[in-house]
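> Below, the features straight out of Swiss-Prot:
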COMPBIAS  28-39  compositional bias 'Acidic residues'
CROSSLNK  K239  ubiquitin cross-link
CROSSLNK  K261  ubiquitin cross-link
CROSSLNK  K263  ubiquitin cross-link
CROSSLNK  K274  ubiquitin cross-link
CROSSLNK  K297  ubiquitin cross-link
CROSSLNK  K304  ubiquitin cross-link
CROSSLNK  K324  ubiquitin cross-link
CROSSLNK  K330  ubiquitin cross-link
CROSSLNK  K338  ubiquitin cross-link
CROSSLNK  K341  ubiquitin cross-link
CROSSLNK  K342  ubiquitin cross-link
DOMAIN    110-194  domain 'PPIase FKBP-type'
REPEAT    211-244  repeat 'TPR 1'
REPEAT    262-295  repeat 'TPR 2'
REPEAT    296-329  repeat 'TPR 3'
TRANSMEM  380-400  transmembrane segment
Amino acid sequence: MASWAEPSEPAALRLPGAPLLEGFEVLDGVDDAEEEDDLSGLPPLEDMGQPTVEEAEQPGALAREFLAATEPEPAPAPAPEEWLDILGNGLLRMKTLVPGPKGSSRPLKGQVVTVHLQMSLENGTRVQEEPELAFTLGDCDVIQALDLSVPLMDVGETAMVTADSKYCYGPQGRSPYIPPHAALCLEVTLKTAEDGPDLEMLSGQERVALANRKRECGNAHYQRADFVLAANSYDLAIKAITSNTKVDMTCEEEEELLQLKVKCLNNLAASQLKLDHYRAALRSCSQVLEHQPDNIKALFRKGKVLAQQGEYSEAIPILRAALKLEPSNKTIHAELSKLVKKRAAQRSTETALYRKMLGNPSRLPAKCPGKGAWSIPWKWLFGATAVALGGVALSVVIAARN
């Protein structure tokens, strides 16, 4: 990201050539060195009037040279621990190259920081430089190596950070510059740290710009299969859209924010599906459908969530509604066909279970479990009633003869 207004590739973690979620399956402290004692500031010794014995018997020049040669040299100050192991696992380390000015402070979570970043591979190959990279600290807008190391720096400080690939671009890398599983060296200068924007005082266009930045970060995390961070970024985007405002907005701005909210909710649902958070995904889809009942992506994902929960009878009509809106969509066709087969298998299993419960599976018709379940009890009931009535009549006849 070259500036705060328009984040560039490193800030947004975007993978070149990655789709922007249009499909259904895809979205869709360092110690200072000890200094020697400085005696220049001490007050002068008082004049005692008469020299002491030691003063009266000062050694000559040869003696002074001998004493100087035989005096042990002062022990050097212990070297400071240069590298800070940030997480204690040796995979993310930081060393101060240039300390910050005296009195400078460290940034806080939620502040907007601006850094000068130089990124290199372990062999020294420079792969990226950002003179003015701005991001919100703690919002996961950048790679974790930056988000974890910058809070330990003073404003004005320059530090070297070495990071394992898991805190950078992971197993996917970032083609064509950063190969998969690549550890990186980051030279970071913390230039400024300012409080984040007051959401209530943002104009409509400022809200749109902020929400779009968070959404793009979420898309980049999703492409790297980091669905937890993706969901976090989409949540932040939705918060920027839906938070209270003290600024009047035009109808066009409100409509633009609504469309952006729908996109973020759809992408959030996709991330929640990947994390198997079905109830949360169902809520996200339902919120989309409240605004846009014919939103195909929301219908598709809602049907898929219900299918994952085994609710095939509810999922199939929803997918059919989505297919009716877009009959040529092969993804919906395939999912619907799969669910129809699963429902048929589910019904077959239920029928077999009913037969087993009734204890006479051979006499029960497979196509009409309800009728078969009641046919035998009613026949026995009528037969037993007839026998009982016959017995009563016979008793009456015998009693009359007697």
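Cβ coordinates are placed from backbone N, Cα and C, and glycine is handled just like the others.
For each feature listed, report its degree of burial, its nearest neighbours and the pertinent distances within the displayed model.
Other Cβ atoms within 10 Å of the Cβ of K239 (ubiquitin cross-link), summed over all protein chains shown, number 14.
A simple way to gauge crowding: the CB of K261 (ubiquitin cross-link) has 19 other CB atoms within 10 angstroms, across all the protein chains here. According to its DSSP assignment, K261 (ubiquitin cross-link) is helical.
Within its own chain, K263 (ubiquitin cross-link) has R215 as residues 6 or more apart in sequence whose C-beta sits under 8 angstroms from its own.
When secondary structure is read from DSSP and collapsed to three states, K274 (ubiquitin cross-link) falls in the helix class. All protein chains considered, the CB of K274 (ubiquitin cross-link) has 17 other CB atoms within 10 Å.
For K297 (ubiquitin cross-link), the number of other Cβ atoms no farther than 10 Å from its own Cβ, over all displayed protein chains, is 24. K297 (ubiquitin cross-link) carries a helical DSSP state (H, G or I).
Take the CB of K304 (ubiquitin cross-link) and look out to 10 A: across all protein chains shown you find 24 other CB atoms.
K324 (ubiquitin cross-link) has a Cβ environment of 12 other Cβ atoms inside 10 Å.
Secondary structure from DSSP puts K330 (ubiquitin cross-link) in a helix. Long-range neighbours of K330 (ubiquitin cross-link) (same chain, six or more residues apart, CB within less than 8 Å of its CB): none.
According to DSSP, K338 (ubiquitin cross-link) is assigned to a helical segment. Every protein chain considered, the tally of other Cβ atoms within 10 Å of the Cβ of K338 (ubiquitin cross-link) stands at 13.
Within the same chain, no residue at least 6 positions away from K341 (ubiquitin cross-link) has a Cβ under 8 Å from its Cβ.
Its Cβ taken as reference, K342 (ubiquitin cross-link) is surrounded by 15 other Cβ atoms within 10 Å in the chains shown.
Sequence-remote contacts of a segment are chain residues at least 6 beyond its ends whose Cβ falls under 8 Å from one of its Cβ atoms, and for the repeat 'TPR 2' (262-295) they are 21, 26-28, 211, 215, 218-219, 222, 227-228, 230-231, 234-235, 237-238, 241, 301-302, 304-306, 308-309, 325.
Remote same-chain residues near the repeat 'TPR 3' (296-329) are listed as 24, 28, 265-266, 269-270, 273, 276, 278, 281-282, 285-286, 288-289, 335-336, 339-340, 342-343, 346 (criterion: CB distance under 8 Å, separation of at least six residues from the stretch ends).
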> Between the recorded sites K239, K297, K304, K338, K342, which lies closest to K324 (ubiquitin cross-link), Cα to Cα?
K297
> Between K274 (ubiquitin cross-link) and K239 (ubiquitin cross-link), what is the CA-CA distance rounded to a whole number of Å?
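If we compare the Cα positions of K274 (ubiquitin cross-link) and K239 (ubiquitin cross-link), the gap is 22 Å.
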> Quick one: pull the CA-CA distance for K338 (ubiquitin cross-link) versus K297 (ubiquitin cross-link), whole Å only.
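K338 (ubiquitin cross-link) to K297 (ubiquitin cross-link), Cα-Cα distance: 18 Å.
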> Tell me the Cα distance separating K261 (ubiquitin cross-link) from K239 (ubiquitin cross-link), rounded to the nearest angstrom.
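Distance between the two Cα atoms comes out at 9 Å.
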